[in-house]
Amino acid sequence: MHSFSSTPALGAATVDLAAIAHNLRTIADGAGAGVLAVVKADGYGHGAVPVARTLVDAGANGLGVAHIREALALREAGIPGPITAWLHTRDTDFAVAIAAGLDIAVSSARQLAAVVDAAGRHGETATVTVKVDTGMNRSGVAADEWESFVDDLARARAAGAVALRGVMTHLACGDEPANPANDHQAQALRSAVADLRAVGAVPEIVHAANSPAALTRPDLAFDAVRPGVALYGLNPVPQHSDADLIPAMTLATTVSLVKRVPAGGGISYGHTYIAPADTTVAVIPVGYADGVPRALSGRLRVRINGRDFPGVGRICMDQFVVDLGPDEGGGVAEGDAVEVFGTGADGGPTAREWADLTGTIDYEIVTGIGSRIERRYVGGPVAGDDTVGGPTAGGAGGGRS
Ligand SMILES: *Cc1c(COP(=O)(O)O)cnc(C)c1O
């Protein structure tokens, strides 16, 4: 039977689940703490469900996502254990989160009241984490609301509307290990936990550290660290930590076309590159819609048959062009495998290199890999053949079934 999903995608992100399990252990050992593993934004573009399953199997104490929708997708895929979701809006449906047994992190008295209301309507007890704003001034219970919030929480507990699971905060300067803001925020978190304990609300788990803090400040690990990007093998603080992390994602495709371009021929939109001599080029069938930043036009390199070739001319929505040079790249042919970025272990291009070239962070590169790119999984229990579509092609699709 022919179907859309049996037609191969033009590009694939291969995700090494064994690398993710390894990174989890490396981070946990380094921090000497539990790990609440962050799998928001489709597991930083790696595919939330297979990644979450891997992390739970590898011993994560729980999972973290931003939206309740993301947490529900994990539950629907059968992911067990605590899942904390921390970003809500006025119209967030807390009832469905309570029914799914999620841990709802609340950032205000209003959010707590909405959770209490939803719990009351359904006669259930909601599991909550208190997200405290200790100085980032983003999400979290604001300092001026704190005292009344603690009273509200104490009442909600007494009424059986909520059970306290965690207390969390987020560091503004975790990537600067020596910044005193980290210590101020940790101290404010300790004081918030003490205030809650004083009204009988004792959290099971306290956490603050994102990846950079988990890698550099084990003294701020509390009960668990809360890394995202480092789980995927990307080190946000290479100048401060030489942790043994393995990048999990390799983005690859195959050469779509090989052709001659005569000296003086302009390549791609706007002819921003003019071939200085007769040459051979290869068309690479991934573009900015797939997450190859247009700002890399004329600046990226790809690996084909173990050799690097430069991108020339503008990166387009679906494709870009590389110059194979006068020797035709040593015989590069249509269908040859192209590593667009990978682990860097062999000196090849990396997400980090792209980020450095375009003035961003590798977080934005991997989370920007588009839905036309198929996610393939290796290094899992049934490594090799567990292919799922991208987020739109395969939905939350389970990967291993
Ligand atoms: C995204 C996020 C994290 C993970 O951050 P990394 O820098 O990727 O480790 C942790 N906590 C919260 C609240 C987040 O939003």
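In case you wondered, yes, glycine gets a Cβ from its N, Cα and C as well.
Neighbour count (other Cβ atoms within 10 Å of the Cβ, all protein chains): 19 for K40 (active site, proton acceptor). Sequence annotations record features per position, and here TrEMBL assigns active site, proton acceptor to K40 (among others).
Marked as domain 'Alanine racemase C-terminal' by TrEMBL: 248-378.
DSSP assigns Y269 (active site, proton acceptor) to a helix in the three-state reduction. Within 10 Å of the C-beta of Y269 (active site, proton acceptor) there are 12 other C-beta atoms, taking all protein chains into account. Look at TrEMBL and you will find Y269 (among others) tagged as active site, proton acceptor.
Residues or ranges marked as region 'Disordered' in TrEMBL: 380-401.
Look at TrEMBL and you will find 391-401 tagged as compositional bias 'Gly residues'.
Shown for the domain 'Alanine racemase C-terminal' (248-378): DSSP residue counts in helix, strand and coil, namely 27 helix, 45 strand, 59 coil.
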